[in-house]
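What follows is a single structure, written as structure tokens, with notes after it.
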């Protein structure tokens, strides 16, 4: 059975050019230097397997560099996570300096209370979601598009009711342009090391584990986005809100939230063209899905009408033959 997909033209010409990294944090009016108190990789690739430990703070195929720094953050304040295509990308040297516009999906943030943010491994239990934005059903607009239009600034409000102390702050986005095939969703995340002060400590959030919070077949992970969607279920638990009943259940998103920053970036109009793809079966990767790369454990045989094309040591993709 064939699935009719609408593939953005921009994706056809730049399918390998638009990974991304959370590489700076702004707090209390201070924009810290690249990689300051953030475990950043030098390579901007994704994590595709949600069952690995690397889904917490990156690593594995994208080795991260430890940081001995911690950023002070006031509970109840808003911090800004800054995303860039690479650690060196700027508007002057990179046309897709945040993320390629074809990489559509949700944007989220999590926190984890730790004893020492500089040494905690990140993976395991203790994570709670504090913000999310997915699909605006009315406009069919995605959170990643808003992130690009906001110059890569993800605004995150730190809950005022949590306990003081050190935390890992996990900023994440998921690119769903290849999510119709097994392990096709591309997860991008880094962890910042922060120290929270001014919190009331009146609430203890319910938590989830990374890995564990996401499943490879979750409806927000395995999905064909090239259709009109009436709903989209953002992966993971519902965000923690001070004073609200707590739950770790997933919920459908019809998000209309916008970033709080007023920074904007003009983007060109995306032209769509019709195409078709074969749904992936056992051992077969769909057209436009990943088919290889360092650490890749999914299908390496492409669906009929496509071939596996190597773009780097870390990423290969099924493209029309």
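Here the Cβ of each residue, glycine as well, is placed from N, Cα and C on the backbone.
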Given Swiss-Prot lists 19, 103 for Cu(2+), the same-site residue among 167, 188, 214: 188
Least buried by Cβ count (within 10 Å) of the recorded positions 33, 186, 195: 33
From recorded positions 19, 57, 188, 191, 242, the one whose Cα lies nearest residue 33 (N-linked glycosylation site): 191
Residue from 103, 177, 186, 188 whose C-alpha is spatially nearest that of residue 57 (disulfide bond), among the binding-site residues: 188
Using Cα positions only, nearest of the recorded positions to residue 103 (Cu(2+) binding site) (177, 191, 195): 177
Cα proximity to residue 195 (N-linked glycosylation site), best match among recorded positions 19, 161, 177, 186, 188: 161
Greatest C-beta neighbour count within 10 angstroms, which of the binding-site residues 19, 103, 177: 103
